[in-house]
Amino acid sequence: MLDEAGAAAREGAWEARNQLHDRSEELPPELAGSSRDGVDAVVEGLFPGLIEERALPPAPEPAPFDRGSCPPAARACVDLDGRRSWLQEGGEVSYGPVPISIGRIGHETPRGTHHVNRKVIDEVSYIYDLAPMPYSVYFTHNGHAFHEGDLSTSSAGCIRLSHNDAVTYFNELQIGDMVHVY
């Protein structure tokens, strides 16, 4: 019975501590921190080890992003094997990674370093039955581009993106930006 009362008291102290911490958000910033510290000092004095026992462990550090062979100077990176692409600035990911569709066998997306050479918002393919290619950002002189398209099927060599991703790539990439495909 005494153990149950002790456990109930510890639980009540923990709940009161958390409520007071929540209420401290209503205080001016210069007082909020010292208020929380004071509450914790009282709880620790009455129930030693309670805060350490109940506090959440720190979140693990996220795994470092695998850029593969994409150089920091590239503005857009394409990982063909991983079926993903992202935008970066100074080697730091600024958008993505996002899922992509790539060229099918016989129409492979060319690997290597390329540069954005043209952008057409309402493009169609004159080779493939006027297939729509909205938000096209060309990175080769052979017709390879990022553009909006169906991610569930392979392309004739282009990098297909979802609508929102295609809009972002179109808005963010500029003529001359480096595109690295690996």
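We count from 1, first residue shown onward.
Just so it is clear, glycine is given a Cβ too, placed from its N, Cα and C backbone atoms.
On a predicted model such as this, the values are computed, not experimentally measured, just so you know.
Quick look at what TrEMBL lists:
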type	residues	note
ACT_SITE	His147	active site, proton donor/acceptor
ACT_SITE	Cys158	active site, nucleophile
COMPBIAS	1-11	compositional bias 'Low complexity'
COMPBIAS	12-26	compositional bias 'Basic and acidic residues'
DOMAIN	74-182	domain 'L,D-TPase catalytic'
REGION	1-36	region 'Disordered'
Six or more residues beyond either end and a Cβ under 8 Å away: which residues meet both conditions relative to the compositional bias 'Low complexity' (1-11)?
47, 50
Secondary structure of the compositional bias 'Low complexity' (1-11) by DSSP, residue by residue, totals 10 helix, 0 strand, 1 coil
Could you tally the C-beta atoms, other than its own, that fall within 10 angstroms of the C-beta of Cys158 (active site, nucleophile)?
28
Any idea what the model's mean pLDDT is for the domain 'L,D-TPase catalytic' (74-182)?
96
